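Copied over from TrEMBL, here are the features:
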| type | residues | note |
| --- | --- | --- |
| COMPBIAS | 194-204 | compositional bias 'Pro residues' |
| DOMAIN | 33-173 | domain 'DUF569' |
| DOMAIN | 246-322 | domain 'DUF569' |
| REGION | 184-240 | region 'Disordered' |
Amino acid sequence: MIFNPILGGKIAAVAIKRSLFQIFVILYKRTIMEIFKKAETVRLRSYHDKYLLAEEDEESVSQDRDGRSMNARWTVEVVEKADVIRLKSCFGKYLTASNIPMFLGMTGKRVTQTLPRRLDSSTEWEPVREGVQVRLKTRYGQYLRANGGLPPWRNSITHDIPHRSTTQDWVLWDIDILESRKKKAPPVAEPAYTPLPPPPPPPELLQVRKDDHQEPNSPKGFSLRSPRFSKSESDDTVSSPVKADGRLIYYRIGDEDGNVDETAKEELFCFKGMGLEELKEKLIEETGLSDISICSKNPLNGKLYPLRLHLPPNNTKMHVVLIPSPSKGDAASTS
């Protein structure tokens, strides 16, 4: 058998590349896992700038812009030697990827809170780093997804594999560390011998100590304050998610004839742009509609008029009505 040095060199180069790639993957996973190993309590903020919440029924989960409640806090449990984590809600139940379809005929499966007798892979999530954000993958290759669009999809949480480009970012999450994990104190080695007790102090010293403790202003003890959070960091964890450098947009969605359900709750979000086209793109992203007309209601006669020029100055809050295409112009003019 004749040895080919060129072929042998190529095979060696391929083996080296594979080894380097495997080392890179291992280090990459360790980096993101180190973040969760240092975290005791976290919040998860979705692509829609909403927080993952454990609902009061202690079974379902959703997303909401208010991240100040205890329902938005999740305790991290690291599964050693598996590079996966578990997330426990404020009710002591685990974030679980179920096999129940969210809606009949849809691919997304429901995400719930459960407390199984025996913890299995349905409660385990593998963090996958995506830049400065994280995707949480189940053992079966699906991802924790925050849904947008119209009800009933809006604010729902499923686990799925997004196939459309418009929903690719719905599986990305920002991680806010609210509380760091306390380091375990190293064990204290016991002495190899038992020391003798110290001799008793003289009576004069005992009398002085007794008098000192009888002073009314004598300090009773002391306390230590944890340096984990500064005041600014503590304020940030409970501050409102609405930022001061934007304007609040309240909106309702009407039908193509311009009819609006006035009893429906107005949705809102913080808009940081300056132009009408930017606002339109943001509203399309929030609602999932393909095209819309942004209208404003005349306070005198109650009619809808489409916005065509500029937004009000000084970041003034706005109340608008969205009319979907194709008859958006007619609906606005005949309302």
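Glycine is no exception: its Cβ is also placed from the backbone N, Cα and C atoms.
Here the structure is a predicted model, which means the values were calculated and not measured.
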DSSP residue counts for the domain 'DUF569' (246-322), split into helix, strand and coil: 12 helix, 26 strand, 39 coil
Per-state residue totals over the domain 'DUF569' (33-173) - DSSP helix, strand, coil: 18 helix, 61 strand, 62 coil
Segment-level pLDDT (mean, integer) for the domain 'DUF569' (246-322): 87
